[in-house]
Every structure is written in C-alpha cells, then in structure tokens.
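Undergrad: One structure follows; several queries about it will come next.
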Amino acid sequence: MRSHYCGQLNETLVDEEVALCGWVHRRRDHGGVIFLDLRDRDGIAQVVVDPDTPEAFANADRARNEFVLRIRGRIRLRPEGTQNAHMPTGMIEVLAKDVEVLNTAATPPFQLDEHGKVGEEIRLKHRYIDLRRPEMIDKLRLRSRITHSVRAYLEGQGFLDIETPILTRATPEGARDYLVPSRTHAGEFFALPQSPQLFKQLLMVSGFDRYYQIAKCFRDEDLRADRQPEFTQIDLEASFVEESDIMSLTEDMIRRLFQDVLDVELPAFPKMPYSEAMNRYGSDKPDLRIPLELVDVDDLMQGVDFKVFSGPAKADDGRVAALKVTGGATLSRKEIDAYTDFVNIYGAKGLAWIKVNERAKGIQGLQSPIVKFMEDIIESLLDRVGAEDGDIIFFGADKARIVNEALGALRVKLGEDLDLYTQAWAPLWVVDFPMFEADDNGRLAALHHPFTAPSCTPEAFKADPANALSRAYDMVLNGTELGGGSIRIHDQTMQRAVFEVLGIGEEEADEKFGFLLDALKFGAPPHGGLAFGLDRLVMLMSGARTIREVIAFPKTQSAACLMTDAPGEVSAEQLKELNIRLRQKAQNNGDV
C-alpha cells in the first residue's frame, strides 16, 4: 500500500512518486489549498492537496485529525520561505494526486500535542492513542534497539536463548506471588514466576553452560515509581565462572549497549564494598554524580552535652553522621524546614544543621541552634567535614539504619534540587554484601535471595552466619540498580545450611525446594549469573520519568489496567469449574 514511511522523505527523492499511509496529525486550509500533516511511526510529512485534483481534494476536505489516509503524490521542494529546518522532512512536501480515506476517526479524548495538559489516567485509559505520540514511539523503538543489541551480544558470547516456565509453583522469594488456580488439580495453584532463578540454575545443572532470556516476571507487591506487577528482566547464567567473569562480561555488554544505542562511552566501573557505600552515601546504590558524602562523627559526639547526638554516638546500633553541602548556607529557613519534613519520611526525628558564615570568627561565625553544645569539638568537626565559609552541615543522629536512609535520601534530593551533578553517567559495582539482614525482631532474612553463595567456607558460615558476606554483586548506574547477581550455591549441604539459618527446616525445604536440592546431588557445576531490569534500563537510557513511560501497556500504581479494566470479575460458572468460592466482598468499608 505504501512505498515509503513519512519520516524517510528528503530532498534526494524530489520528483519521485511515492505512496504514504498514516494518520492526519493536523489539517490546515489556506486559500483554497489543503495542507495535511501525515504521521506514521517514522515521522511527519506535509501533503499539499489543491483543487486541480477534485476527488483527492474532496477527501482531504472531509479528513479530520486521526483519520487514516493513503496518499499518492510527487515529492517537491517546499517554496522558499516555507521550509522548516526544525523538521526532518521540513525541506520537502508531497503534492497529492490521490487521497484515499482508509478509515475515519472519532474526536480523540485528547490531542497528541496537548498530552501534557491531560492526566495520566486518561492517557492510560486510551493508551492506543497515547502510543501514537512520537515521544512514546521513540521510547519503545529505543527499547527494541536495546533488546536487539543485548541479544546480539549474548549470542555472540555463546549464550543460548532458552525459555523457562510461566506456570510454576509458589516459592518464598520475598514478594507475594500471583497465584493461578488449577482446574485439573482442584484446590491447588500455580504461581507466576518472580524470576527464572531456580530454572536457570537447573539449566546449569543440565549442562547448558550459558543461558539467557528476556523474561517476564511477576510480583504482587506495593508499587512505586520504578515498580510494576509484571516486569521484564534480561536474565543470564553461566557455569564454571567466578564473580569477575560475570562482572567483566556484563560490564562489557552494557558498555557496548550504550555505545551502540546512545553513542555514549561510559566511564570506568569502580568496585565499592557494600559497607563503604552505606557509610559514605547511606545507600547500597549510590549516585556518584553527586559530590556529597556522609561523614562519621560518632567519636566527636560521644562527649557532647546533647543527648540527641551523644546517645546514638554511644549506642552499638547508632550513628551520628554529617553531610556538608558546599555553598548551602544560602538555603532559607523555609527550605531547611522542607528538608526536615523530607527526612521525617525516612524515620528521622529531625534535621540538625550548622551554617558556616565566617569560620575565622570561630563559634561566633556559625549559625545554628545546636552549636552551644559543641564548643569543645567544633573546630575538629569543621576540619573533619572540610567546612568553609558559605557551607551548611546537616546531621543525622539515630539508629544507623535510619541515619543512612534519611541522609542518603537527603543527599540525592539536594543533588537534584541544587543541580550538583558532575557528570552524565556514573556506573559502579557494589560488592561484598552481607548474606543476611536482621528484621526488627532480630530474625535473619536473605539480603538478595537464599541461593546466593557465601564468600566463606561452610565451617566458617555455620560458626557465624550473621556476619557472613556473600558472593553477590550489583551494577549501579546514576543511583539506580541496573542489575543484581551472584555466584550461586552449588552444594546441597551448604544450601540446606542457608535454609536453616533462614528458619526453613528440612521438611519445609524438601517440600518447597526438593527439586533443587535433588538436582544439587547430581554433579552441579559452580555457576553464577545476573539479571538486569530491562524497564529500568530503558527508563534511564531514554530519560523517562517512570517505567510506565517505557512499557507499551503498563499497570497503574494500584496494579490495574485502565484500558482493559483488568483485573475483573469472572462468572460463577468459571469459579465453580475451578472449585473456588469467593468470600463476600466488603460493603460500605466494613470487614470481609
């Protein structure tokens, strides 16, 4: 039906006959001549229809925005003075010989060039219209280029693209599972996979050596800006590898991806231990573009007559940290109060601060309600953080976890608000993670997942599991975790030991993970891998604000699809066939 896409037209095609298909982006009538901007996925071309072609003119005259047209005509240069250098096809136009209306269109709920004035709910309800916007087409085209580049790289490295099951069994992997009732096994349920983790390990036991998959994953969890109930991973696993093998391979893959798709050469990927990342940045995924760091001042604060600081400084699980912001003394009290409210979100009880107006005057040159408690240590404090005139110092004092979360988040917010970024891209590897983290009740939970290998011997692990480090590694870019991986446990005894620490007894382990434990008895090779969040990767590379912008048909924050009204009710007959009976829905906010 067509010879070219609209965006392919240029001056080299002048005087050629072309056939175009697309949507009316805009229609204008100037002095009896009709101008149509015809749009397809590649761009927009200007079409001129004059009365000398009566049938074409009549069809163009009745065309409205979003009508679907087929145009045949000749390419010519635009008259001087009407050329548009800001438009890829702005030097030429198509003089139409034939205009065929392939389909009409109702008035859309919003105009494509006015989407910014329309709420996201309306756009998601009519996603098929929203996806016509060039910005959305560009993002999904970029997503396609990314997956193509990744596949080409991994295939070139000897990886096999192998699909793993979508219907599997529920296993405790951290989040809630999406459950699927079985009709043929009454009262029993499949679970949708939170990741292909166990299956890819079994593929290594099977001897496939190198596996990858662009995999759909499902997690029934509370949603945030960077989460969806169904999401996509670039998943890979390899046998007979150590951490350095996987890290080197995936770093090279990401470097080539950025070069191929964005023409960007990423800087070096430094390695940073987890403990250092938490101490210096308050986060295990620090944004190294922001030149702000947390500084420990516990030792200085232990003797001050200010219990808000001295208490946490003396506590085993406490921390007092300072965050110096160069030039931050210009912040108003209103702005500081707003930052105080911000850290409250992360559990901080307040946000102490000191403005350094004129350091040479000693304590008289400082502005703060707390300096009166620090006369004996103030010079040491200012030296410790490297304070100069015009700086502000923020403080966090509480349990170390709260201080890290609050000041870590404040650091990122200050970087955004004050535009402190020093470079466009800042990648790194975070390594040497703890195997476990303790919850509020002191129970241990796997920091990554229970199949991650510890970096110590089985004897050392059993002697002190709480302090064991793991063979895990996370790739971080601009404060976003791009991917996480580890060397896996390939020994059944060690796997049972990890389950035991997590409170998973032998009977429960056999019930839920018996297939994995059995497989580990039959010559499992050392293996490891990594999974990238494709949605996050595309979001970063495209500059999108949320991953909803880089998924064709995303869910809302409440895990619903506004376009299809999913999830929806099913008939009583369907439920009966599945041997399911629903409890009565809550009415008037009452209890179920």
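Glycine too: its Cβ is placed from the backbone N, Cα and C atoms.
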Undergrad: Please identify which of Q213, Q228 is recorded by Swiss-Prot as part of the ATP site containing R219, D220, E221, E481, G533, L534, D535, R536.
TA: Q228
Undergrad: What else in the chain is close to the region 'Aspartate' (197-200), if you only count residues 6 or more beyond its ends and a Cβ gap under 8 Å?
TA: 164-165, 168, 171, 173, 211, 213, 235-237, 449, 451, 513, 515-516, 529
Undergrad: Across all chains shown, how many C-beta atoms besides its own are within 10 angstroms of the C-beta of H30 (site 'Important for tRNA non-discrimination')?
TA: 8
Undergrad: Report the same-chain neighbours of E481 (ATP binding site): residues 6+ apart in sequence with Cβ closer than 8 Å to its Cβ, ordered by sequence.
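TA: When sequence neighbours closer than 6 are ignored, E481 (ATP binding site) has K285, D474, M475, G533, R536 within Cβ distance under 8 Å.
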Undergrad: CA-CA, which of the recorded positions H30, R219, R488 lies nearest L534 (ATP binding site)?
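TA: Ranked by Cα distance from L534 (ATP binding site), first place goes to R219.
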Undergrad: Quick one: pull the CA-CA distance for G81 (site 'Important for tRNA non-discrimination') versus H448 (L-aspartate binding site), whole Å only.
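TA: Cα-Cα, rounded: 62 Å.
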Undergrad: Across the whole of the region 'Aspartate' (197-200), what does the mean pLDDT come to? Round it, please.
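TA: Mean pLDDT, the region 'Aspartate' (197-200): 97.
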